[in-house]
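Undergrad: Input: one structure, supplied below.
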Amino acid sequence: MTTTIPEQPSPQGAPKGTALLEAKGVIMRFGGLTAVRDVSLTVGSGEIVGLIGPNGAGKTTFFNCLTGLYVPTEGTVSYRGTVLPPKPHLVTQAGIARTFQNIRLFANMTVLENVLVGRHTRTREGLLSALIRGPGYHRAEARSRERAMELLAFTGLAGKAEHLARNLPYGEQRKLEIARALASEPGLLLLDEPTAGMNPQETRATEELVFAIRDQGIAVLVIEHDMRFIFNLCDRVAVLVQGEKLVEGTSDVVQSDERVIAAYLGEPFEGAPADEAEERENDR
Amino acid sequence: MTDIPITTAEAVVQARSDAHRAAPFVPLPPAAARLVTLAGVVVTVASTFMSWTYTTEFPGDLTVSGYPGGLQVLTLIGAILTGVIALGAFRVKGLAWLNPSRSNNGVLLLALGTLGTTWYTVIDIAAKLGGMANLDPGGFVAAIGSLLLFAGALALPIDRHPVEPADAEYFELGRLSGNGPTVGAYRWLREARLNHSDLPVGDARRLNPWLQRLAVVVVYAVGVKIFTYGVATNYSDIFIGYLIVVSFGFLGLGATGLLRQFRQITQHNRRFSTAIGVLAAVAYPFAQNNEHWANLGVSILIVGTVALGLNIVVGLTGLLDLGYVAFLGVGAYTAALVSGSQFSIWSGTQFPFWAAALAGMVVACIFGVLIGAPTLRLRGDYLAIVTLGFGEIFRIVVRNLDGVSGPKVTNGPNGIAQIPDVSIFGYNLGDQHSFGSFTLGRFANYYLLMLVITLIVVLVFTRAADSRIGRSWIAIREDEIAATAMGINGFRVKLVAFALGASLAGLAGTVFAHVTNSVVPDPYVFSGSVPPNSAFLLAAVVLGGMGTVSGPILGAALLYLIPAKLDFLARYELLAFGLALILIMRFRPEGIIPNRRRQLEFHEDAATASDQPGTPGDDTVPVGAAGA
């Protein structure tokens with residue numbers, strides 16, 4: 001499996017609208033290990049795209065390449081037609097926000113402060129204006145707080161603004177991560193396993209939240225192991241196996257693809273670890 | 001202050017959960033325990049009016065019957081405080097407000113403090129003067145009275161730490177494995193732990209606003225008095241007694257919930273209490289007319305201010321800087337070079353103070369950027385080691401810029417001496433000035449100048465901490481990867497913190513140069529027996545409380561005062577230093593004045609209890625600007 005498999009030439013498989021994010025031939029090598037092999041992916045505006053694959057397939061590595069945490073060995077990532085610099089803060093400034101697989105909140109800051117940190121790129125007040133505290137500073141600060149409270153209301157956390165992030169229950173921590181990411185006013189939101197560890201109700205709530213985010217005109221790229229979640233949610237799904245994109249297309253196309261099933265059942269690939277998603281697939 | 005609404009008090013009683021354990025250490029009927037405690041108070045108080053020893057050789061003259069002197073005063077204060085808090089704990093009408101948490105823990109801790117200082121005195125008399133024969137009957141009465149007081153307090157129901165499930169398992173395993181005595185001792189220690197942090201207290205913000213303000217004024221006045229008393233002690237014996245009473249008094253009042261209520265009040269009346277705090281600090285040189293004490297005050301303010309600047313780097317941004325004192329040195333040397341001293345290479349130029357201060361800040365800032373730019377790409381231990389290196393490089397370079405080993409700039413190890421005193425609008429800080437009945441000497445003048453600088457630094461710290469840039473510093477400290485993913489340019493933000501910290505140290509350095517009259521390279525080391533040095537500053541931040549305003553100032557005050565007062569420590573100062581840090585890391589890792597965030601971080605079990613909504617903006621940027 002060293003050759004690239006072309007995208008499925010399906011009419012529904014093409015990105016809707018204009019291309020927002022375009023990753024072309026991304027390769028990521030760590031020494032002798034190639035974690036991501038020549039993956040191309042396009043996300044159109046207003047789209048929800050899923051990225052699935054067995055554990056260790058390179059999904060998160062690919063995410064890190066997109067957001068500048070890793071510098072891809074080869075290939076380019078462009079957003080709205082401009083190639084992204086390999087610096088996380090510049091990527092966020094350009095309009096791509098993300099959440100993390102293992103929650104990375106600022107645990108000892110309040111919920112509101114967490115979201116305010118997310119506003120960092122959309123505000124300009126530096127040290128001097130913080131020291132002088134002119135009217136402009138107060139205006140900007142008030143606007144930030146207002147926007148942050150809106151986002152907390154949007155994610156259903158408004159009542160917990162003054163709690164410390166570390167004291168939130170797990171599901172709410174995930175929501176807060178999303179609210180924090182939305183605070184940077186992104187055009188594209190990358191969610192890394194947003195429902196991991198959630199119960200079915202929480203998963204459904206997250207699903208609705210993602211739809212609501214999309215309805216605000218923000219495209220979403222989501223990594224997830226919960227197949228029901230992915231297939232309900234996504235306009236398109238890409239399958240990553242051992243660092244390569246196996247197939248991309250609508251839910252139906254992906255679900256019926258034999259190679260995907262084979263990849264998840266683990267038969268043709270040595271060393272592909274089993275995971276919960278596999279079990280869920282078996283349940284069907 | 002008795003008008004805390006009844007409803008609150010009832011709610012307090014009801015809110016005590018069943019999970020809470022309260023048990024005496026010594027079994028006695030409750031009435032008997034109270035009686036013994038109060039009897040102990042009375043006997044101890046009475047003993048301080050007797051003579052404790054025959055000779056006047058012991059510091060403080062304890063030979064006089066009729067009024068207390070020296071260490072007797074400390075015993076008297078401890079005993080009265082214990083008695084009053086005990087009456088509060090026993091819900092005596094009109095005094096119940098003195099013990100809002102209704103816990104006996106405060107009584108126990110204060111009794112322990114009284115016992116400590118009394119027994120220390122008695123033993124010290126016997127040891128110093130050569131035997132028990134030197135004790136008057138009064139000394140024995142005091143020893144017995146304080147012991148009675150402590151025994152009574154031990155028999156009161158004491159609020160304990162809840163038993164942890166892991167402990168129970170461990171004890172059971174220990175019992176089965178046959179290590180009975182060891183595990184038993186450990187078990188006793190675990191179960192003896194006091195706990196009063198989660199006891200509910202009434203809301204002091206409901207008090208009459210004028211009473212609240214009165215409370216603020218009284219507490220700050222008492223604070224100045226306590227501080228001045230400590231500074232004024234002229235024997236290390238008395239200072240040790242003072243330390244015992246003050247620290248147990250602090251712990252004991254904490255256990256009563258009074259400190260929590262006071263914090264509520266200061267937060268509720270933030271502007272007022274800040275103003276009173278500043279006033280209290282200004283009052284210090286006027287309250288006494290002693291140049292030596294004023295000198296101590298200036299030194300404490302200088303190291304406290306520098307520690308506060310370091311707090312931006314270490315406490316807020318989480319960058320361990322072990323060479324911070326170099327920036328103080330940069331500021332001091334800059335001020336010295338433009339001071340007009342004849343040893344400066346520019347002996348002709350004499351900047352006015354404001355220009356020298358600005359120059360010190362700017363040059364320190366430039367050095368901060370120069371050192372920060374390459375080093376801030378490193379993280380954690382690597383950064384610490386490299387900053388340690390740069391700190392030493394500064395000192396060695398300054399030593400060698402003497403015209404022999406290098407260009408002549410700093411005059412090498414001899415330094416720049418004879419720095420003239422600062423003159424502001426014709427007011428020469430080196431001269432004595434009289435205002436009515438008050439006289440301000442040289443150090444008092446510098447104290448006031450330094451106080452202005454400290455207030456500027458406090459203002460800069462609080463404003464920077466509570467802003468977009470301050471939030472990004474804390475975000476970097478919490479999780480650098482997540483912070484950069486949120487669009488924070490980690491390197492730039494860290495560099496701003498580093499440069500700001502450096503400039504504040506440089507600012508303090510300009511005053512330091514003038515106060516000490518001369519600058520030499522030797523004080524700017526990583527660790528030494530004389531402050532300021534980097535280890536001292538770091539210890540002040542850690543001891544006082546990272547991320548807070550008053551913490552580093554208080555920490556610096558303690559670390560400066562204690563060795564200055566206990567001359568016998570001189571040889572063991574670094575040892576004592578290390579010991580103090582180990583103890584604080586073990587028992588109070590968040591520092592003396594905890595930042596709300598830090599406290600939650602280190603005491604996870606208390607997190608849910610104390611993090612109720614409705615108490616926003618807690619102690620991250622506390623009031624009480626000066627440590628007085």
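Glycine is treated like the rest: Cβ placed from N, Cα and C.
Automatic, uncurated: that is what TrEMBL annotation is.
As listed in TrEMBL for this protein:
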- B:73-94: transmembrane segment (TRANSMEM)
- B:106-127: transmembrane segment (TRANSMEM)
- B:139-158: transmembrane segment (TRANSMEM)
- B:214-232: transmembrane segment (TRANSMEM)
- B:238-259: transmembrane segment (TRANSMEM)
- B:293-317: transmembrane segment (TRANSMEM)
- B:324-345: transmembrane segment (TRANSMEM)
- B:351-373: transmembrane segment (TRANSMEM)
- B:380-398: transmembrane segment (TRANSMEM)
- B:444-462: transmembrane segment (TRANSMEM)
- B:535-562: transmembrane segment (TRANSMEM)
- B:569-587: transmembrane segment (TRANSMEM)
- B:605-628: region 'Disordered' (REGION)
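For each listed feature, how buried is it and what is near it?
TA: Within the chain, the transmembrane segment (B:73-94) has long-range Cβ neighbours (under 8 A, six or more residues past its boundaries) at 2, 34, 37-38, 40-42, 44-45, 47-48, 102-104, 106-107, 110-111, 113-114, 117-118, 121, 142, 145-146, 149, 153, 156, 238, 241-242, 244-245, 248-249, 252-253, 256.
Residues 37, 40, 44, 52-53, 58, 62, 71-72, 74-75, 78-79, 81-82, 85-86, 89, 99, 134-135, 139-140, 142-143, 145-147, 149-150, 152-154, 156, 158, 194, 196, 237, 240-241, 244-245, 247-249, 251-256 of the same chain, all 6+ positions outside the transmembrane segment (B:106-127), place their C-beta atoms under 8 angstroms from a C-beta of that stretch.
Through the fold, the transmembrane segment (B:214-232) approaches residues 1, 204, 207, 239, 242, 246, 262, 265-266, 269, 272-273, 276-277, 279-280, 283-284, 287-288, 290, 293, 296-297, 557, 561, 565, 624, 627-628 of its own chain, all at least 6 residues removed from its boundaries and within a Cβ separation under 8 Å.
Only residues 6 or more beyond the boundaries of the transmembrane segment (B:293-317), in the same chain, are considered here, and those with a CB under 8 A from a CB of the stretch are 228, 231-232, 284-285, 324-325, 327-328, 441, 443-444, 446-447, 450-451, 453-454, 457-458, 461, 464-465, 470, 473-474, 476-477, 493-494, 497-498, 500-505, 507-509, 511-512, 515, 531-532, 536-538, 540-541, 544, 546-549, 551-557, 559-561, 564, 595, 627.
Counting residues 6+ beyond its ends, the transmembrane segment (B:380-398) has Cβ neighbours under 8 Å at 319-326, 329-330, 333, 371, 406, 410, 521-522, 524-526, 534 in the same chain.
Sequence-distant neighbours of the transmembrane segment (B:535-562) (same chain, 6+ residues past either end, Cβ-Cβ under 8 Å): 227, 230-231, 239, 243, 296, 299-301, 303-308, 310-311, 314-316, 321-322, 324-325, 454, 458, 461-462, 465, 474, 526-528, 569, 576-577, 580-581, 584-585, 590-595, 597-598, 619-622, 624-627.
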